[in-house]
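This report concerns only the one structure given below.
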Amino acid sequence: MPLIDKLRERISRAFYSHGLLCASYPIPIIILTALCILASCYPLLKLPLPGTGPVEYVTSVKDYSPPPLEPNPEDHSDQPDWYVGLPVAFIQQVLVKAVVSPWDKDFLAVDVFRSPLSRVFPLVEEIRNHVLRDKSQEKSLEDVCLQVTDLLPGLKKFRDKLPEHGCLLLSPANFWQNSQEQFSSDPDLIRTIHQHEPKTLQTSATLKDLLFGVPGKQSGVSLYNRKRIVSYTVTIALRRYNATFLDSLRSRLKRQHPSTNSSAASQHIVHVHFKEEIGIAELIPLVTTYIILFAYIYFSTRKIDLVKSKWGLALAAVVTVLSSLLMSVGLCTLFGLTPTLNGGEIFPYLVVVIGLENVLVLTKSVVSTPVDLEVKLRIAQGLRNESWFIMKNMATELGIILIGYFTLVPAIQEFCLFAVVGLVSDFFLQMFFFTTVLSIDIRRMELADLNKRIPAEACIPPPKPGAKRYDRQPTLRPATPHTITLQSLRNLRLPKRLRLVYFFARTRLAQRIIMAGTVVWIGILVYTDPAGLRNYLTVHVTEQSPLGGAVMPPIPVPVLSASNPHGPLSAVFPTGSSQLLENQSQRDSKEVIDSLSSRIWEESHPEDKSKERAAKIEDKAHTQVTWGAEDEETWRKLSFRHWPTLFSYYNITLAKKYISILPMIPVTLYLTPQEVSDARHPQEAQHSHPYLQREGKPDEAWARVEAKGAEKPTENQTPADVTLYKVAALGLASGIFLVLFFFLLYRLLCPKNYGQNGVSHGRRKKGDLPCDDYGYSPPETEIVPLVLRGHHMDIECLASDKMLLVSCCLAGQIRVWDAQSGDCLTIIPKPSLRRESSGVFEYQDNWEPTPECKYNPEESLENGYQLKRRTLHPPLFSDQPDLTSLIDTNFSEQPANEESGARQRLSCIKQESPPIGYDFSSLVQKVYEEHEVSSFGSFPLVLSPAPYGQCQLSSGRRSQTPAGCVDGSCARRKSSTEETTGYCNGSSSPAPSWTDSFESSVWSLGLQGNLIVVGRSNGNLEVWDAIEGSLRCSNCDGQSGITSLVFLNHRVVVARLNGSMDFYCLDSQKSSNQLQFRGAPNRSNVPSSPLYSTDDVIGCQRTHTVACAHRKPITALKAAAGRLVTGSQDHTVRIYRLEDACCLFTLQGHSGGITAIYIDETMVLASGGQDGAICLWDVLTGSRVSHMFGHRGDVTSLLCTASCVISSGLDDVISIWDRSTAIKLYSIQQDLGCGSSLGLISDNLLVTGGLGCVSFWDVGYGDLLQTVYLGKCEDSQPARHILVLDNSAIVCDFGSELSLVYVPSVLEKLD
C-alpha cells in the first residue's frame, strides 16, 4: 500500500474513533472543553478591550504653528476634528548608523556593535549640552523638552533604565545609566540588552525597542550581523515646538557627523492620534458579524430535516466560532502576543469565515450519512468521510504559515503567529465541542422520530393485575411496505440557501480563497516591505557584488578616509565594492569632478596606482553606509503600541490625544580599527569567536584576490564574490517554487480531468446516491403507469405529434394511441389480421386453404376472418370498374350467401333491380366515368409509377374496419357506411401490391397531424390515415430500403440504404379542411399540424432526387430551420437546403460512421459517431466549433439545450457537456441496455430510463430529482427508448409494451 494510502487510512481510523468517543460520552467531553475554553480565556481578564489603530495627519514643517485650542467653524479644510491644541509631545529622533571601516579579518563578532554603541554616550552628551544663543536669550534642551516625573510603582525594574525627574530622552546609553564607564566594564553587552526581554513571544513594545527606537532585528546588535552596520536612535520628547532650536541642533549634528549620501527629503510633521483604548463602538461591526452568522446558520438549518433544534445548532456554531476567537486572543496574550493594526483587525473576521465553513463541513458530512445507522456510528462515519480533507487543508494552511514566518518580515510573522493559534484552537473546538453538540442534537432527533412511530397502544398504561381473562386478543397488523409520496418528502431540489451552504462545504471555497490571499499578501510584503527581501537583496548586492566587473570599468566612489573620517572627502577607489546608482546621483558636482580627476591622474601614473593597490591589501573593504527613503520614517516599523506604552510608564495617556513626530536627523559614524581595539573588553577576546568564522571567512577570499591584483596590476581583476550567483540561485528557486505552487493550486482547485473528462466526481449512479454532494439521497416513488399493450413483438419505431402516439413493432404492425387516455385508436393492418413467420397475414379460424384463388365475400365480410397465403395470380375482372361501393355490406341481419365468390360478384353486377327497388344507374354511371380501379378483396390495386412518380388513392366515408391482403393484392373492407375507390395513373407496368409492403419491414416512421408516413425495407413509402387506418397514398419507385425519413409540414424526405435521398411533397386536390382531432372523447387538445379530411385526395409528388447523397448508407437524418442534415457510414455529415435539395456543406470530423444527429430551429447542429466523439458545427459556415470525446462506443443519441449538450452511447453513459467550452460537466451511469433512453422535458429537466424505472435529473446542477419505479422491480425490463410528449408525459419502450408516465407535478413546478 502506498504511503499516502496508509496515512489516509490511519487518519480516517483516528477520526472514526474520535467520533465514537464524542458520541458515546458527550457530557464529559463538553465539560472538559468548557474548562479548556475558560482556562484559555483567563488572560483576557487583564487585557482591555481592543481599540483601533492610530490615525495620522500630515502637515508641512515650513511655517508650522500649533493648532488653536478650539476648532474654527469657518475653517473648511480637511484637517480632522481631533487636531486641536498642543500635542502631548513632539518626538524628535536622531537616527544613528555606525560602522567599523575598514574591517580587519582579526576582529571579533562583538566588535561589530561594541564600538558603535560606545559612540552613543558622547552623542547624547552633545545633544544635552546643545544651547541656542539668541540675541536676547539662551535656550537649552531643558527649556523645550518634556519633563517627566516618577515611573509607575509597578515598574521598579526599569528605574535605572528609564529617565526620571528630567527630560524624556531615550537612547541605548540608558542600559548603562548613561555612564560610559559602566559600558566599558560590561563584559557581556548582549546579556545586558536582553535581560529585560520577556521570555515569551512578544510583538508589542519592549525595553529594547523603547531605548533603541528601531525594531530589534534592524538594530544590528547581533553576533551574526553580516552588514556590520549598527542602527539606533536618540529619542527626544519635546514639550513645545521651537523651530530655531531644532534647526540649530540639526545643523550641528550634520556638521559634526556628516551623512554624505542622505537626502533627508522629509519635510513633514506627522501627527498621530490615538483613539480610546476601550472602544465599545469599535466592536459593533464584529458583534454584528456574529449576529448575522447566527441568523444565517439558523435559517440555513431550518431546511435540514435531520436537525432537531435549529436554534441550538446555530447557537452552538456561534459559540464555537466565538470561543475560537477568544481562545486565540487569550493564548496569544498568554504568550506575549498582542493584536496589532495589521493582524488584529482582520483576524476576528477570518476566524468567523473559517469557523463557519468548518461548521458547515461537519454538519453536511454528518447529515449525509444513512439515517438508519446508530447516532455514534453516524458521527464517526461523518468525521471519517471528511478526515482526509480536514487534515489536508490543515496541513496546507500550516505550510503556508510556516513559509510566511520564515520571510522574516515582522508583519507577516505576527500574522502567522496569530494564524497558527487561531487554526489550532478552531480545530480543537470543531473536533470536541461542535461535534459533540451535533451528536446530542441528532440523538434528540432520533428519539423524537421514535416517539412519533410508537403506536397508540404502546402509550396506554399497563392494566392493573387482576383476574386472568382469556379473551382473544387482536393480532397486530404486520408491517406492510408503504409508498413514499412526494408530499412526505422534502423539496426535490435543495433550497438556494442550502445549496449555497453545501457548495461552500463541498468546495471549501472560503479557506482556499484565504490561503490564496495569504500567499499573495505574503509575496507582496516580502518584496515591498522595507525590511523585506527586496531591500535585503539590494543592499547585499550593493555592498558585496562588483557591478560590471570586466565588462565595464568600476565607477569611482568617494568615501571617507580611514585615517581621518571627520576630515574632508578624498577620492578612494575600492575595487571590492560599488555604490548604488541612486546614491551616486545624489553626490554633488564637486565630488564627481574630483572622482574623474583622480581617475585621470591614476591612469597617467601607473606606478602610483600599483602602490595604492598594495596599500589596499591592508584596507580590505570599506563598508559604505547608505541612506534610503525607508530610513526617513523608521518609527513606522515600530509597534503601534510603542508610544502609548512609553508614555503609560509615566502615567500619561494618549487616548483621545495625539503626538507630533518631527523629521528625523541622520547621523553617520565611521569607526577606525584603532577605536575598535580601544573599546574591546579584555574578557571578550577569550569568550568571543572571530567574526563570521562559521560562514567561511569571506574576507580571506577578498584578501587573496586583492593580493593577486597587486601582483598583476595591469590586469583588470574582479573579486571572486559569489553573491550574484546566490541571487541567481535564489531567483531560480523562487521561480521553481512559484511554478510548483501554482501547479499545486491548480490541482487543489481544479479537478484532475479539468477540460477533458468532466468534474472529479465522475459518473453518477442512482445506486450510489448521486445527490451525496448535497447530503441527500434522491427521493424515490412508485406509480402505476398507463401500460399500452397490443404488440406481440418488440417495438422498433416510435413517433408522436401532439396528442397522438404511433408505434411499430418488428412484425410490421402499426398502432395509433391516444396519448392522454392510452386508448388504441387504430391498428394498421386491422386487428383481424395477423402475420405468419413469413410475414403474410392469415385467417385465425381453421378453414382449409385451397390452391386456387377463391373468395367468398359474404363469408369473409360476415365473419371477419383472415385469409391464408395462396398462390398469386391475376384476379378476375381487373379491367372492370369497382362496384363494391354499391353493395350493402351490413350483413348482421341477413343470412350468409353460400355461392361462390366469382359468380356471386358477377350476378350482383348484372342483376337488374326490381321495379320497387332502388335505381343504381346514376351511381354506376358515375363509377364508370371515373375509371377507378377496384380495391375489393380479389381485385389488385395496381400502383404503377406515374410519369412523376405520383400515385393517388381517394377514400370515401370514414372507415370502420381495417384493410386486408388477399392473393397479393391490397384491398380495403367496407361497411355500409363506407365506400372507397382507388386510382393510379401512370404506365401499365405492374407494381408491388399491399401484400408486398406488408411482407417488408418498417424501418422508419413519421407522424404529423392525422397522417402517418411509413418507410419500408423494400423502398416503399406509404401515407396512412392515423384515425381511419386507411392508406391515403403510396409510392413504389424506390428500389432501396428507407433507413430514415423526415416528415416536416408538407414535405417528406426519405434516406435510402444505397445513400440516395428523395424529396416528396404532399398535396391534396381538394381544399384542405382543417379538422381538429380532439383525441379521445371529452378531449380538447388541438394539434398544430394540418389534418386532412377523408374527402381529400392526398398526392405524394416527388420533387427532387439526390442519387448519391452519400457513398454509404445514410444512418441519420434530421431537418429543422429549412436545413436537412444527413449522416452516413462514410464518416461525413452533409447539410442540404430543404427547399431545393442543394448540398451546402460536407462536414468531415469523425473517424467513424455517423450514428446520431441533432439540429433545432436555432441552427444548433451536433453529430455523434461510432468513434465515440461529438462534434458541434456552425450551420451557417460549415465549420467545426468543438470536438468532444466522451464515450467508449457508438453515440446513440444527442440532445441540446441553451447551455448544454447531452449525449448517450452504447457504453450506457449519458454525458452532459458545456456547450460553450466543450467541457464535460458530469456523467450519468445508466443501467445495462439503457444508454440511449433519455429525453428532454425542458432545458432544465432530463428524464432517463432504467431497469423498470425512470429518473428525473436537473440538467444544470446534475441533481437526481426523483426516481419513479414503474411497477415491480423484480422482473423489470430496461427502458430502451424514451419519447417526450407535449402533454407533460413520457413514453417508455419496454420491449413489446409501452408505458405512459406523466411527469410529477412537483417537477413541473420546479422547472
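Every residue gets a Cβ built from N, Cα and C, even glycine.
According to Swiss-Prot, the protein has these features:
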type: TOPO_DOM; residues: 1-18; note: topological domain 'Cytoplasmic'
type: TOPO_DOM; residues: 40-277; note: topological domain 'Lumenal'
type: CARBOHYD; residues: Asn242; note: N-linked glycosylation site
type: CARBOHYD; residues: Asn261; note: N-linked glycosylation site
type: TOPO_DOM; residues: 299-310; note: topological domain 'Cytoplasmic'
type: TOPO_DOM; residues: 332-342; note: topological domain 'Lumenal'
type: TOPO_DOM; residues: 364-399; note: topological domain 'Cytoplasmic'
type: TOPO_DOM; residues: 443-512; note: topological domain 'Cytoplasmic'
type: REGION; residues: 529-726; note: region 'Loop-7'
type: TOPO_DOM; residues: 534-723; note: topological domain 'Lumenal'
type: CARBOHYD; residues: Asn583; note: N-linked glycosylation site
type: CARBOHYD; residues: Asn651; note: N-linked glycosylation site
type: TOPO_DOM; residues: 745-1311; note: topological domain 'Cytoplasmic'
type: REPEAT; residues: 1190-1227; note: repeat 'WD 6'
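Secondary structure at Asn242 (N-linked glycosylation site), as computed by DSSP, is coil.
For the topological domain 'Cytoplasmic' (364-399), the DSSP-based tally of helix, strand and coil residues reads 29 helix, 0 strand, 7 coil.
Within the topological domain 'Cytoplasmic' (1-18), the DSSP-based counts of helix, strand and coil residues read 16 helix, 0 strand, 2 coil. DSSP places the residues of the repeat 'WD 6' (1190-1227) in helix, strand and coil in these numbers: 0 helix, 22 strand, 16 coil. Counting only same-chain residues 6+ beyond the ends of the topological domain 'Cytoplasmic' (1-18), those with a CB under 8 A from a CB of the stretch are 380-381, 383-384, 386-388, 390-391, 431, 435.
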